[in-house]
Every structure is written in C-alpha cells, then in structure tokens.
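Data first, discussion second: the structure below is written as structure tokens.
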Protein chains: 2
Amino acid sequence: MIAIAVLGHGTVGSGVLEVFNKNHESIIQKAGEDMEIRYVLDRRDFPDVPYHDKFVKDFDVILNDPEVRVVVEVLGGLNPAYDFVRRCLEAGKNVVTSNKELVAAKGAELLAIAREKNVNFLFEASVGGGIPILRPLSQCLSANQIVEIAGILNGTTNFILTKMFREGMAFADALALAQQLGYAERDPSADVEGGDACRKVCILASLAYGRHVNPEDVHTEGITHITAEDVRYADAWGGVIKLIGRVKKLEDGRLFAMVSPAFISRESQLATVDDVFNGILVRGDALGDVVFYGRGAGKLPTASAVVADVIDAVKHLKARKYIFWEPAKDGYVCDYLEVPAAMFVRIAARNRAEALRSVHGLLGSVTEVVAPGVENEAAFITPTLPEGEIARALQALQALDYTILSTIRVLDY
Amino acid sequence: MIAIAVLGHGTVGSGVLEVFNKNHESIIQKAGEDMEIRYVLDRRDFPDVPYHDKFVKDFDVILNDPEVRVVVEVLGGLNPAYDFVRRCLEAGKNVVTSNKELVAAKGAELLAIAREKNVNFLFEASVGGGIPILRPLSQCLSANQIVEIAGILNGTTNFILTKMFREGMAFADALALAQQLGYAERDPSADVEGGDACRKVCILASLAYGRHVNPEDVHTEGITHITAEDVRYADAWGGVIKLIGRVKKLEDGRLFAMVSPAFISRESQLATVDDVFNGILVRGDALGDVVFYGRGAGKLPTASAVVADVIDAVKHLKARKYIFWEPAKDGYVCDYLEVPAAMFVRIAARNRAEALRSVHGLLGSVTEVVAPGVENEAAFITPTLPEGEIARALQALQALDYTILSTIRVLDY
C-alpha cells in the first residue's frame with residue numbers, strides 16, 4: 001500500500017480527491033500498486049467532506065510518515081510550497097505539483113534534489129492544465145530537436161480576447177465578465193499582465209532546452225492595452241489577436257523567449273483556440289508542427305493531470321524518470337531587442353498619406369492596414385527587423401510629433 | 001552499448017536512420033545509454049548510403065545477436081513482419097513498430113508475449129504518424145475514464161476532401177492529384193475505402209478500453225461516394241465533410257466503433273484539420289476534450305515517433321512499461337445499427353414538397369437542407385434515431401420509388 005499526501009484542499013486539491021475517488025479502481029490498476037490518500041494538509045477544517053478524517057494541520061506528520069511515498073503539492077504560490085516540497089524531496093519522497101510559480105522559480109534546484117535522492121519531481125499540470133504537454137515534449141518528441149514552441153497558455157486572457165473579437169466588447173467589460181464567471185481573480189494582474197503565461201513559457205523552455213529560464217529574464221507584455229480598434233485592425237488584416245508565449249533556440253545557443261499579444265492569421269491552428277481553451281504548438285525538426293489543444297485550467301482537468309503524475313510516480317518508484325534541467329546561466333536568454341520581428345503599429349495622424357511618407361523614410365516599405373470606421377490615424381505593419389531598430393524608428397517618429405497609439409507583434413505560426 | 005536492428009529500409013526505415021544519425025548526440029543523452037544501429041535488414045542492396053555496411057539479408061543474424069536489445073520493424077504488412085516480430089519478442093528483444101496492420105491484427109497476442117518475456121512492444125508511430133497520441137492516452141490521461149475518441153486519422157482522404165471543399169474538385173480529380181503528389185498509392189483503396197483509418201481506430205480502441213478490437217468488427221465506409229453536391233450541401237449547412245474514425249464505450253460495457261464520412265460543424269476543432277494533417281479528439285471524464293494535431297504520415301514525422309519509442313525502450317530495459325490489452329471477445333463490439341445517429345440524406349425528387357411529406361411520414365420531423373444550384377432532389381437531416389430505424393425508413397422511401405442519392409452521418413464534436 002502506497003500512502004499519498006495532498007498539501008492543500010483548494011480547487012485543485014479537492015479535485016484531486018474527487019478524481020482519485022471516482023476513478024479509483026482503474027487508477028490502481030494502471031499504477032499496478034494499491035494506493036490510498038492518507039493525509040490532506042490544510043489550515044482550514046472541512047467537517048462535511050466524506051474524507052474529513054484525513055485532514056492534518058501539521059506538515060511534519062506527513063514528512064515523518066515513511067509510508068508516504070508520494071506528496072501532491074497543490075497549495076500554489078512560493079511559500080510555504082517551496083519549503084514543503086524541498087523537505088519532501090530531501091526526505092526521499094516523490095513530489096507531484098501543479099504549481100507553476102514554484103517550478104518556474106525553483107525547478108532546477110528541486111530537480112537536482114530529486115535526482116540526488118533518486119525520486120521523481122513531476123509537474124505536468126503546471127502547464128496547460130489537463131492538456132498533456134510536458135510528457136509529450138520530454139518523451140514522445142525526444143527524437144526531435146525542438147525548433148520552437150508557441151502557445152496560448154492562459155485561458156483567462158484568451159476568454160477576454162475572444163469576447164473582444166466575437167462580441168466587440170471593450171477590455172474592461174470582457175474582464176468584468178470573466179471575473180463574474182469565475183475565470184479571472186479579483187486581482188487579475190497575474191493573468192492580464194502576462195505573468196502567468198510567462199511562468200509557463202519558462203517551464204516549457206527549461207524542459208525543451210535543458211536549462212532553467214527565470215521569469216524575470218523573459219520580456220512580458222499583457223493585454224491590458226489592447227483596444228477595440230486593435231481588434232478591428234486585426235480583423236481587417238485577416239487574423240485575430242492572441243496572447244502568445246513563445247521560445248526558441250538561437251543558432252548561437254542562446255534562447256529567445258517572450259510573452260506578448262500578437263496578430264496571427266485566421267489560417268493558423270492557434271487562431272481557432274478560443275474562450276478559456278489553451279493551444280500549444282511545438283515545432284520539431286523531424287516532426288514539423290504538432291498542436292495540443294484543450295482546457296488549460298479548471299478543477300477536474302488540472303486534477304486529472306496531477307493524478308496521472310501520481311500514477312506515473314508510483315509506477316516509477318524504482319526507475320526514476322528522466323526529467324532534468326541545468327541551473328540558469330547569465331547571458332543564456334538573449335535581449336529581445338536583438339531579435340527580428342514584424343510589428344503592427346498605429347499612429348495618430350490627421351493626414352494619413354503624409355504620416356505614411358514619414359514612416360517610409362524611417363522604416364522602409366511598410367504594409368498599410370485599414371480598418372473600416374477608424375479615423376485620424378495611420379496603421380501599418382513594419383518589415384521584419386530587429387526589434388531595437390523598430391523601436392528606434394518609432395522614437396524618431398515620436399520626435400516628429402506622431403503619437404504611437406499601439407504596437408503589436410505580427411507572428412507567422 | 002545497446003545494439004539496434006532496423007527491419008526494412010523503405011520510406012520509414014531510411015527515415016529512422018536519418019533521424020537517428022542527425023540527432024544522435026541528444027538521443028543518446030536522453031536514452032542515458034550509448035546506442036548504435038548495428039543491422040538494417042532489406043532484400044535490396046543500398047551500396048550508396050553511408051551505412052551500407054550495416055545491411056543484412058538474413059533475419060537470423062539479428063535474432064541470434066544477443067547484443068541486439070531493440071528491433072525496429074518498419075516493413076509494413078503482415079508478412080513477414082508478424083513472424084519476425086513474434087520471434088524477436090520470444091527471444092527477449094524489445095520491439096518498436098510503425099506497422100498499424102500488424103498491431104490492429106495481432107496486437108493482443110504480441111503484447112502478451114512481450115509481457116511474458118518482460119520486454120516492451122511499442123508502436124506510437126502506428127497511429128497519427130509523428131503526433132503523440134498513444135503515450136498520452138495511456139499515461140497522461142490515465143486518471144480519466146475515456147468517454148470517446150474521434151479523429152481524422154488518414155491524411156490522404158483528408159487531402160482529397162480538403163481539395164473537394166476548397167477548390168470544388170471532383171473526387172476522382174482530387175485523388176489523381178493526391179497520387180501525383182505522392183500522398184496516395186497507385187492502389188488507393190486502403191486509404192479511400194477507410195481501411196487504414198479503421199486499423200488506427202482499432203488500435204486506439206484497444207488501448208483506451210483494454211480489449212483487442214479486430215478491424216473486421218468495425219463498420220467502415222470510405223469517401224469514394226462523396227460528390228461535389230454533398231460538399232455543397234455540407235457547406236450550406238455550415239460545416240465540412242471529414243472521414244472520422246470514432247470509438248466509445250457503451251453503458252452496457254460493449255464498444256461502439258465506426259469509420260465513416262461525416263458532416264461536422266465549422267466550429268469544431270476537427271473542422272480546421274485540413275490537407276494531409278491528422279487531428280484526434282479525446283474526451284475524458286475529468287479532462288473534457290483534448291485535441292492532438294499534426295502530420296499523420298510522412299518519412300521524418302513517422303521516423304521521429306519510432307526513434308522516440310526506441311529511446312523509451314532503452315530507458316525501460318529493466319522496468320517494463322504498462323501497455324497491455326486483453327484478447328478480442330465475441331459480442332464486445334456492438335452492431336452499429338443499434339446505435340443512435342443523425343443522418344444527412346439526399347433523395348431524387350422532382351416535387352420537393354411532396355417528397356418531404358413522405359419523409360415526414362416515415363421519419364418524423366426532419367431538418368431540410370438546401371444547397372444553392374442543386375435541383376431535382378430533396379435533402380434533409382433525420383432526427384437522432386438508432387441507425388437500423390433510419391435504414392428501415394429509407395427502405396420504405398425506396399419502396400415509394402424515391403432514389404436515395406446519398407447518406408452521410410452528422411456528428412457533433
């Protein structure tokens with residue numbers, strides 16, 4: 001009998017209990033070992049749940065029970081999750097987590113402890129919720145060099161952008177609706193400012209390329225500045241705006257990573273990923289593009305990914321799975337301003353023809369974009385140039401007294 | 001040093017050598033063991049390839065070399081692949097194959113030998129080419145009950161249907177183009193009559209539900225009868241026609257499986273899977289829908305899935321992976337005529353109103369579908385009824401001297 005402990009009885013934690021109990025028989029069969037959830041750690045009391053006798057408030061009870069071989073951390077946040085997970089691994093217990101903040105900040109350190117102690121540290125649910133992505137990336141695509149990864153990694157912002165596109169809602173209204181439906185937190189900043197997607201990009205990048213990437217090294221823009229006019233331009237151009245997290249290896253061995261809103265063509269497989277869904281495109285050198293699509297969050301989808309990791313941990317109590325990456329290194333993540341991009345730009349302009357002449361002088365040949373009913377401005381897509389060059393040209397344009405209304409990258413996935 | 005043998009140097013076999021050599025360093029690193037491809041079995045000579053010294057014509061050389069721990073079977077077809085694979089497994093060698101015909105016909109038997117001999121029999125490349133689907137199904141989704149699976153599993157027919165939709169091509173012209181581009185064989189029957197998709201459905205069904213499903217037990221219709229008029233009706237209805245393979249568990253424990261063309265809504269994630277791409281939707285009880293998208297065939301995508309299985313086999317030389325299903329059983333796969341469906345039907349009719357009155361009398365309330373420019377016929381979608389009842393109603397309609405021009409299922413994914 002393998003004993004399991006669950007740290008945290010919030011949304012995901014209670015979902016883990018629900019999935020584990022509902023599909024108990026087939027889970028045991030797939031794991032090949034009998035298992036029980038012996039402890040649930042939470043500061044609060046839950047007298048009404050059928051498993052109320054499993055609750056403990058003292059972490060040491062779990063740490064000191066040698067029969068607990070797998071610990072599920074679903075507290076979220078860095079503290080006390082980091083301390084608990086580190087001590088569990090050091091005590092030779094396997095750990096499964098859905099905590100993207102923890103993995104993005106401390107993944108390399110925790111994986112090193114897991115390797116030293118010959119246990120598993122698994123975190124499939126930390127990216128894409130229930131969508132299988134980390135295991136396919138590390139196992140199924142293992143014969144490929146990963147060329148790049150680009151994904152819609154945050155369901156809340158994707159819901160907001162979908163409402164802005166389909167129903168012409170303003171950002172603030174779409175956000176309010178997302179909050180009302182429970183898709184967005186009362187403090188939505190981690191979602192709408194791109195921080196959540198950034199952590200997921202860091203985890204994907206660390207796993208795909210074998211070296212830890214810290215969130216603070218990834219240029220991150222959110223969607224708070226996206227307006228109804230931007231949406232109309234994207235539509236007129238033949239695409240949609242999505243918050244895209246992406247990462248690729250440069251030829252010199254450094255890494256490029258970014259989170260930002262982007263124009264993508266309606267023909268893209270990512271363009272049809274709407275509402276709270278996530279979609280992740282992985283480009284392999286042998287494989288070409290594969291896309292993984294599904295619910296990137298939610299109680300039961302996330303919990304089912306956690307429980308699948310528990311099954312995998314139990315099956316690999318003897319043979320450790322090979323998931324590992326090196327610690328972060330200075331200079332590994334490049335400055336995004338070095339990397340070529342094409343940019344959609346809107347500038348205030350009473351005289352559009354004159355404005356575009358000034359733009360042409362600074363940026364060369366641009367592609368004008370016209371949105372029906374939008375007046376007193378000019379909009380265009382720049383040639384593909386290093387972002388630093390584009391930024392300098394736009395500064396020069398401001399020096400000519402043009403106001404920059406909006407800049408959004410144009411991607412080609 | 002682990003020695004590997006490759007049986008067959010056709011498209012996939014030469015791709016395996018190419019991927020293995022190109023990404024050799026990272027493959028060795030991921031496997032955690034040094035590996036070499038020691039033998040390539042083929043009846044033909046390949047004096048010009050750099051690894052010409054590896055070729056052998058005698059299978060026994062491979063079978064009798066105890067250092068060969070992994071054998072890759074990419075011959076295709078049942079003979080001699082079945083005999084070779086069986087003998088390798090019996091000799092305690094791990095086997096990786098891309099051969100869907102072999103797995104669909106003999107999977108249960110070969111998995112049983114593998115279990116007895118404590119070796120792995122892996123076949124990720126047999127479904128979806130390079131798209132990770134079997135491993136996610138058996139591992140990542142292991143905490144879910146699989147409610148159903150529906151997929152576009154054959155790239156050739158999807159290419160043909162895409163050309164019929166986008167460019168208004170007739171079936172014969174689209175097939176000829178597919179042959180010209182190398183997407184279809186000179187004898188295209190296994191693709192266009194649905195046999196290839198059927199084998200993949202059998203493999204998915206066997207793995208998802210734990211019991212072997214034989215191809216001859218799965219009702220299979222191809223796309224040879226799909227006409228330009230059908231395409232126009234689907235478009236007018238708001239969707240596309242795709243060849244869909246699907247499987248689900250019925251409440252009584254039996255299995256429903258079918259391959260057939262189907263109307264699906266433009267809003268479906270499967271509707272945007274075009275050209276030679278494959279897309280597979282898996283519905284889990286906890287997870288909801290996930291979709292896997294990518295190239296379902298082709299030399300390097302398929303080879304990369306084969307090599308990933310080789311890496312996995314080498315990593316699991318001691319700890320066998322849990323992939324297993326029971327032998328087929330009579331009565332396990334239900335008669336499709338029992339299962340409810342909605343059907344798009346076209347009948348020849350000079351007087352449409354009169355024809356629809358007759359239809360109404362036999363089928364109850366149907367939804368008429370009108371395609372611009374199509375005359376002298378009536379078209380409608382039946383209510384959802386057991387297929388047997390629909391078939392009887394259509395026989396009665398024929399008895400009233402109406403000719404049935406076309407019947408295509410309407411699916412809701």
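Including glycine, each Cβ sits where the backbone N, Cα and C put it.
Quantities reported herein were computed from a predicted structural model and do not represent experimental measurements.
Listed features, source TrEMBL:
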ACT_SITE  A:K200  active site, proton donor
BINDING   A:L7, A:G8, A:H9, A:G10, A:T11, A:V12, A:G13, A:S14  NADP(+) binding site
BINDING   A:E185  L-homoserine binding site
DOMAIN    A:8-124  domain 'Aspartate/homoserine dehydrogenase NAD-binding'
DOMAIN    A:132-311  domain 'Homoserine dehydrogenase catalytic'
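On the structure: features taken from TrEMBL.
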| residue | record | DSSP class |
| --- | --- | --- |
| A:L7 | NADP(+) binding site | strand |
| A:V12 | NADP(+) binding site | helix |
| A:E185 | L-homoserine binding site | coil |
| A:K200 | active site, proton donor | helix |
Taken over the domain 'Aspartate/homoserine dehydrogenase NAD-binding' (A:8-124), the model's mean pLDDT: 96
Which listed residue (A:T11, A:S14) has most other Cβ within 10 Å, given these are binding-site residues: A:S14
Rounded Cα separation (Å) that holds between A:G13 (NADP(+) binding site) and A:E185 (L-homoserine binding site): 18
Shell of the NADP(+) site beyond A:L7, A:G8, A:H9, A:G10, A:T11, A:V12, A:G13, A:S14, same chain only (C-beta within 8 angstroms of their C-beta centre): A:V6, A:G15, A:V16, A:D42, A:V74, A:L75
Spatial neighbours of A:G10 (NADP(+) binding site) that are distant in sequence (at least 6 apart) but have CB under 8 A: A:V74, A:L75, A:G76
A:V12 (NADP(+) binding site): tally of other CB atoms within 10 A of its CB: 28
Rounded Cα separation (Å) that holds between the residue listed as 'L-homoserine binding site' and A:T11 (NADP(+) binding site): 13
For A:G8 (NADP(+) binding site), nearby residues of its own chain (Cβ under 8 Å, 6 or more apart in sequence): A:L41, A:D42, A:E73, A:V74, A:L75, A:G76
Same-chain residues at least 6 apart in sequence whose Cβ lies under 8 Å from A:H9 (NADP(+) binding site): A:L17, A:V40, A:L41, A:D42, A:R44, A:F46, A:F55
Which same-chain residues, if any, lie at least 6 apart from A:L7 (NADP(+) binding site) yet have Cβ under 8 Å of it: A:G13, A:L41, A:F59, A:I62, A:V71, A:V72, A:E73, A:V74, A:L75, A:A81, A:F84
Residues that sit under 8 angstroms from A:K200 (active site, proton donor) by C-beta distance, when 6+ apart in the chain: A:K100, A:A104, A:S126, A:V127, A:G128, A:G151, A:L153, A:N154, A:G245
